[in-house]
Amino acid sequence: MAGAAPADEDGSPKKTKQGGFKTMPFILANEVCDRFATAGFNANMITYLTQQLHLPLVEASNLLTNFMGTAAFTPVFGAIIADSYAGRFWTIAAGGALYQLGMLGLVVSALATALRPPPCVAAALSTPACQRANGGQLAVLYLSLLFTALGSGGIRPCVVAFGADQFGVGGRRPGGEQKWSFFNFYFFTMGLAVLLALTVVVYIQENVGWGWGFGIPAIAMFVSVLSFVVGYPLYVRVKPGGSPFVRLVQVVAAAIKKRKEAMPEDAGMLYQNKELDAPIAADGRLLHTNQLRFLDRAAIVTTTDAVDSGDEPDLWRLATVHRVEELKSIVRMLPLWAASITLIAAASHNFTFAIQQSRTMDRRLTPRFEIPPASMIIFTTLTMLVSLSLYDRVFVPLARRYTSRQAGISYFQRMGAGLAVSVLGVLAGALVEGKRRRAAAEHGLLDSPGTTVPISVFWLVPQYALHGVSDALSTVAHMEFLYDQSPESMRSSSAALFWVAGSLGNYLGTLLVTVVQSASGGEWLQDNINRGRLDYYYWLVTLLMALNLAYYIACFHFYTLKSFDVEGNGAQRRQDDGEGQSRSAERETELDAGQL
């Protein structure tokens, strides 16, 4: 890999040098347009479901979180396709095309009156009579959402890893020493796109119409796919190394078959095969660790294993140490990864209940201009952007003086800080909702959900802002963690874990809402939130987030970083086997961009 031009997905050498910063305009143009389209589509969907399709609030909230959960789970399949067969480039391109089809379906449904229920009819009572969308109209919506979910499955697990691929390992390609800054830059750029969507697109949806409101994101998605494909000749396109999931299953199968074999006292006696592992170990072969030792049995060489004949061994019976350690790496990551699921569940209410809160509050900036409810999410995005800038330009240089880490602090510490801030964000939501509901009661508006409660919508800013700080810390660190600690041949699959956490988090949010709705007899979460007790729901989520933070700290204490042998450089990344992460800070001060 070093000293040679990067290979294409078919293994052929390139005539010109690919990768580096010259690919960023194409990749980021793709991602900016994609994220702009996705944010413009998702941010105000709760309003479309409740006001255009006339679905009840809880049903609309669950539909939206279920869709977001499904869209976040499909990256698993996209990652398998990318890592095993198609490579990241073609998977991203195909995903963009599918997403485009889904967006076009939404545009048609918003423009065709036959695909939406008729407008609400004014009634003598304060609440107008509304006809709910019928099965056929919802079927068009579901089909469109399905295509966007499938498209997300191709884009999301690959694009960050594809961008990081352009910088290589340890500076072997231009800009390699800046790989971890790339993650901050990536999320900052995406934040700008979301900011634009939350202002322009949401305003158009609220004040111009849903045809243009969905049409503009659809146009952006077309530009996204086109810009990405245009950069084809410049990209480093890493050849897929075969199905990583098959290799993991092979290790488990071999370990079970040899469960009765005696473990050698010297781990050096376990099976190694540099040539066999070369296609999946360009960064270096993973070194043996003493955790999960049952899996080491897969690498025990017995008399029935023909390893001296020169033929490839039966991989369902004998695995190399590198392949065993691939599985160990994934298993070790899962407990820490799981901590992000509750974080996503807690943040999901910003796209549902918090928007309904803001709709009842005084949103006037001037006597003639009101902030659209969904645009309140702008404060999360703005805070995230400011936090990312301050983190990269102020905090990291300052922290570097004390920690000697190029990245300032480890991504483990960054994730933990983000989880702690998220607890404060939900706590702020509980306090503000209690204040909003008291104001509604004081002014006799408990039974008038359509009347503006005389309390400024800017009381919601602290909870949105705290979630933005949490995103800047935990979201970026979570992606860094998954990219860095995963086996190199499974980086798309590991990036998919980032989105699977989002999927499970949204499903958890749906489950939590359903359980609360049932347990409270429908009292806490109502269409008329003035009569409901949304503040009680927020207090419950605050407690769950505090418990989740304690769980993360416990998992962090026992985590062990992966280590590998870098061939040709005479360098090894090794740590004392079995030693907990909390005691490994000193020996891991080199955990930064240039070392992994």
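Cβ atoms are placed via backbone N, Cα and C, with glycine included.
Any TrEMBL annotation is an automated prediction that lacks curation.
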**Message:** Checking feature assignment: transmembrane segment per TrEMBL, candidates 141-164, 333-356. Which range matches?
**Reply:** 141-164
**Prompt:** For the transmembrane segment (141-164), which recorded stretch in the set 63-82, 185-204, 371-391, 411-432, 496-516 gives the largest number of Cβ pairs separated by under 8 Å?
**Reply:** 63-82
**Paired segments the transmembrane segment (63-82) and the transmembrane segment (371-391) in contact, 3+ CB pairs under 8 A** = no
**Complete:** The answer for the transmembrane segment (496-516), taking Cβ pairs under 8 Å and residues 6+ beyond its ends, is 58, 61-62, 65-66, 68-73, 75-76, 78-79, 152, 156-157, 333, 337-338, 340-349, 478-479, 482, 524-525, 537, 540-541, 544
**Request:** Taking the transmembrane segment (411-432) as the first stretch and the transmembrane segment (536-554) as the second, find out whether 3 or more Cβ pairs fall under 8 Å, excluding pairs closer than 6 in sequence.
**Result:** yes
**Request:** Using a Cβ-Cβ cut-off of under 8 Å, list the residues of the same chain that are 6+ residues beyond the ends of the transmembrane segment (536-554) and lie near it.
**Result:** 336, 339, 342-343, 345-346, 349, 353, 415-416, 419-420, 422-423, 426-427, 429-430, 433, 512-513, 516, 520, 524-525
**Candidate ranges 89-112, 210-235, 371-391 - greatest C-beta contact count to the transmembrane segment (185-204) (under 8 angstroms)** = 371-391
